[in-house]
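Below: one structure, written as structure tokens.
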Amino acid sequence: MIIGLTGGIASGKSTVVEIIKDARYKVIDADQLVHDMQVKGGRLYQALLDWLGYGILLPNGELNRPKLGQLIFSSEEMRYQSAEIQGKIIREELAAKRDCLAKEDDVFFMDIPLLFENDYQDWFDQIWLVAVSPQVQCQRLMKRNHLSAEEAGMRIASQMPLAEKLPYASLVIDNNGNIDDLKKKVKGAIKDLANLV
């Protein structure tokens, strides 16, 4: 059984992943995979360099991630081009990791932030969605990424609205509360999952 885990930016998905890992389930992390491929010499690093040029690099040759984020989130056209350029490479790498882990484990998770936006839903037996209110999401994103309200709003607006994701979720994990509430909900879901398998 493969479970997709998703949620909007700053929804608390990373905390949910840690709780799942503590329960001894393996999690393929799409963001980490992307990060690894964006290091100097990686597949995405080269694709981004070919697309945007050397202006996106720091003096040491690494990607200037804040600048890259500003460029990509500056317009719908830039987001679309980024998805086109990076999406195919990411999908190939995630599929390879999924297929490899499926040979070892009967149950595992894949943490994919843009699961619905990039049409990954057919990959999964279940989809767990971490949900927060727009106000909580904006506050967390501003604090975590040191963004203005306008910058945070642009990033949130670039993702599919929560209401459109809800019908596709097997489980919705409400994360408007505190960490203890979240742990209780996720541990309960993991217990239910163990009873299914």
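Cβ coordinates are placed from backbone N, Cα and C, and glycine is handled just like the others.
According to Swiss-Prot:
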- A10, S11, G12, K13, S14, T15: ATP binding site (BINDING)
- 2-197: domain 'DPCK' (DOMAIN)
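According to DSSP, K13 (ATP binding site) sits within a helical segment. Here the binding-site residues are S11, S14, T15, and the one with the most other Cβ atoms within 10 Å of its Cβ is S11. The ATP site is set by A10, S11, G12, K13, S14, T15; from the centre of their CB atoms, other residues of the chain with a CB within 8 Å are G7, V16, V130, V132, R140, N175.
Non-local neighbourhood of A10 (ATP binding site): V132, Q137, C138, R140, L141, R144, N145, each in the same chain, at least six residues away, with C-beta under 8 Å from its C-beta.
Computed over the domain 'DPCK' (2-197), the whole-number mean pLDDT of the model equals 94.
Counting Cβ atoms from all protein chains shown, G12 (ATP binding site) has 23 others lying within 10 Å of its own Cβ.
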